[in-house]
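Colleague: Take this structure first; my questions come after.
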Amino acid sequence: MSKYIFVTGGVVSSLGKGAAGAALGALLEARGLKVTMLKLDPYINVDPGTMSPFQHGEVFVTADGAETDLDLGHYERFLSTRMGKRNNFTTGLVYQTVIEKERRGDYLGRTVQVIPHVTDEIKRRIRLGAADADVALVEIGGTVGDIESQPFLEAIRQMAVEEERGDTLFMHLTLVPYLASAGEMKTKPTQHSVRELRAIGIQPDVLLCRADRPIPADHRAKIGLFSNLPEKAVISAIDTDSIYRIPLLFHAQGLDDLVVQNLGLHLSAPDLSVWNGIINALEHPEGEVVIALVGKYVGLTESYKSLAEALLHAGLRARRSVRFLYVDAEDVETQGTEILAEADAILVPGGFGGRGTEGKIASIRHARERKVPYLGICLGMQLAVVEFARHRAGLMNANSTELDPQTPAPVITLMTEWSDPEGHKAYREEGGNLGGTMRLGEQECRLEPDSLAIQAYGQERIHERHRHRFEFNNRYREPLAMAGLRYTGFSADSELVEVVELPDHPWFLGCQFHPEFTSNPREGHPLFDAFMRAAIAQRERDGSS
């Protein structure tokens, strides 16, 4: 039977429940437990797949093809467990399921209500997602007091009653602000948040108090007094320069000891050698590398969360600190590629729509002509093909049909048939629904010999995650190859081009898949490691330190 740790938040949103929960999960995993995590999102969208990155941040894609909250990226980076469709669900998905059951007659004519039907569906999905794990950490999105969160909070309250005593634990994340005008930290917001949580029947067992500085013992004692908790259960969750310090910060305050004790587990001390090694690499870089990330959503860097983390992982492994130049592609259109001059390497990530496209293409041309290392991911690969077609193959009006449906040279076109992660055929028509209609999830890719890709991965067959509707148009394979473009990665059936390279460039690679989704701080990712080595070599060629 699984044990459950429910993670809630109060005072304000975006306090870092996902990172905090994942850090605790890492500590429990370091004690030998099998840990999984779930994210429950209170919004009505069925999934975040069609939500604007400016509102929601990154959409994280799991191996089984789920479009999920970015917190699942935190979960996979901190834990060895791979997440899937069961690990993230929304109010919209819950209501969709309940309504479908009602239409089928599953409720036998009963009046369908939030309690018990919606809450029962939430509990069913929690238990399903926790199956086979020793401990499941369940993060409730939003904050206590939100109307949208109430069914989820009621469901976990009921679970605490239904599960065996000692099999559930409530961890509440709050804010303890410092008021400069008063010169002190204020505990009242946390007291009110806990009071609101207790009013709906949930008594927290642990408080994680976010603050920009350590919380004094007398403040923690005061918070504990008004929350019915001992001082040791009030943990300082202070700001840090890297989320990978959080497991060690929590362990130093005894959080994992407290949780293990409350859950009635008898375990040995955690093996934190991996996390100590990560922090050692973080604190002792041997140089700096500057990576330009040219994108559409740089106004909210959370849109590229997994990508930034993957580059940081590569930097850790190469003993380099990574400095990002987040470049708005539209700024390249108005200011020119001179704003990329400082970059040791250039990356164009995935994205949708036409805004900023010409700026990305100009950045790719800059990387190609100046011999600057380039990595294009998803749309970044597609636009590399467009740029090459225009300026090397003589197809001056080349484009993607996503960006120009009437282009006379559609080198990138809509994909209408593909295989899903289970091997079943999937189809999409022009004008169909946007939600859930992309090629999603882990797919096999076959790499060509004597290529940058196979040098990076060290094997012919790899598996990477996808999220795209458009693909390389095979009608243009031969003319672009004759102009010098090399295809070095293909889908398992050889129908789809998945990796392109330029043999006359030191390091230029575009991939249709998203390698950032499988990188973690323990093992990194071979493609980002290779990209980082190329960036370091470029910096050394330029004579920078």
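Placement of Cβ uses the backbone N, Cα and C atoms for every residue, glycine included.
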Colleague: For the ATP site that Swiss-Prot describes with S14, L15, G16, K17, G18, A19, which of these is also annotated: D47, D64, D69, D71?
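Modeller: It is D71, as the record lists it for that site.
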Colleague: Of the candidates K85, K123, K222, K232, which one does Swiss-Prot list alongside S13, K186, T187, K188, P189, T190, Q191 as binding UTP?
Modeller: K222
Colleague: Determine which of R461, R465, R469 appears in Swiss-Prot for the same L-glutamine site as G351, L379, G380, M381, Q382, E402.
Modeller: R469
Colleague: Whole-number Å only: compute the distance from the Cα of K222 (UTP binding site) to the Cα of L15 (ATP binding site).
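Modeller: Here the two Cα atoms lie 21 Å apart.
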Colleague: Given the recorded positions G16, G18, I147, H514, E516, find the one whose Cα is closest in space to the Cα of T190 (UTP binding site).
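Modeller: Sorting the recorded positions by distance from T190 (UTP binding site), the top entry is G16.
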Colleague: What does DSSP say about K186 (UTP binding site): helix, strand or coil?
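Modeller: Note: K186 (UTP binding site) is coil by DSSP, not helix or strand.
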Colleague: Counting every protein chain present, what is the number of Cβ atoms, excluding its own, within 10 Å of the Cβ of K222 (UTP binding site)?
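Modeller: Total other Cβ atoms inside 10 Å, all chains included: 17.
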Colleague: On the three-state reduction of DSSP, what should I expect for E139 (Mg(2+) binding site)?
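Modeller: DSSP call for E139 (Mg(2+) binding site): strand.
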Colleague: So among the binding-site residues T187, T190, who's got the most Cβ atoms within 10 Å?
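Modeller: Counting Cβ neighbours within 10 Å, the top one is T190.
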Colleague: Between S14 (ATP binding site) and H514 (active site), how many Å separate their Cα atoms?
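Modeller: Per the Cα atoms, S14 (ATP binding site) and H514 (active site) stand 25 Å apart.
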Colleague: Can you tell which of the binding-site residues G18, I147, T187, P189, Q191 lies nearest to E139 (Mg(2+) binding site) in space, using Cα positions?
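Modeller: Of all the candidates listed, G18 is nearest in space.
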